[in-house]
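Listed in TrEMBL for this protein:
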- 14, 15, 16, 17, 18, 19: ATP binding site (BINDING)
Ligand SMILES: CC(C)(COP(=O)(O)OP(=O)(O)OC[C@H]1O[C@@H](n2cnc3c(N)ncnc32)[C@H](O)[C@@H]1O)[C@@H](O)C(=O)NCCC(=O)NCCS
Ligand SMILES: Nc1ncnc2c1ncn2[C@@H]1O[C@H](COP(=O)(O)OP(=O)(O)OP(=O)(O)O)[C@@H](O)[C@H]1O
């Protein structure tokens, strides 16, 4: 997008994207949490919750009219057709909200934004990214992490994981990969190295854009 660099951060559930995102934020980099966007688009004025209830029945609603996330998860994870119907209904709203937030940041003069998006490719948001980083981790570790973090049963965690692509899918579509197969301290170090690579790549991109524009290049320019 004009005036702002957009970088995608993706990977399977439990791989460590949110942990990496928090380290990006600590370095002053703006991050859009797309799991949070997916929560925002089912509440508020322009909510698509009614469309979801029409498709999946009012059983997906809590007594107070909000989305029963556990119920919807139990319907879609493990059923590819239903998951694809959910994606079809919710992705346009998620994409529109992401674009709105990116434009807002560009208007504020923010030079770089990272989209933390587990379904970056499925939603088509990868098309808006100049560079994509995937966080990967061994399957058994991801399973353990999400069972503990999300209080899922082993079966619930496995169906969620089975709804996603394998490592090769992510690594073949990413310019940078962070393998989160060690302790959190190692992830911290790898993330800082990745931020350095990212900053260098974006400086080069800035310089080549300026050369094409005919304007002076600024090798130390902010990303
Ligand atoms: C099905 C829902 C209600 C389950 O909610 P729940 O609170 O249990 O999970 P949460 O939203 O926190 O997602 C946790 C993880 O599940 C995985 N996941 C979520 N949606 C999807 C999907 N459509 N396809 C594959 N994996 C998914 C991601 O790794 C995500 O980080 C929710 O995940 C949802 O609305 N998903 C569709 C929107 C979406 O793709 N969100 C991701 C942001 S782009
Ligand atoms: N290297 C690690 N060692 C131990 N625990 C870790 C490590 N990396 C992340 N975790 C923990 O694993 C859980 C999953 O990590 P995180 O939330 O960052 O994954 P995610 O990729 O954002 O997952 P999701 O797509 O499901 O939201 C978290 O509780 C996090 O604290």
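Backbone N, Cα and C define each Cβ position, glycine as well.
Nobody curates TrEMBL annotations by hand; they come from automatic prediction.
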Packing count at residue 19 (ATP binding site) (other Cβ atoms within 10 Å of its Cβ): 16
Residues within 8 Å of the 14, 15, 16, 17, 18, 19 Cβ centre (excluding the ATP site residues themselves): 11, 20, 135, 137, 145, 180
Cβ neighbour count (within 10 Å, all chains shown) around residue 18 (ATP binding site): 16
Secondary structure at residue 17 (ATP binding site), reduced by DSSP to three states: helix
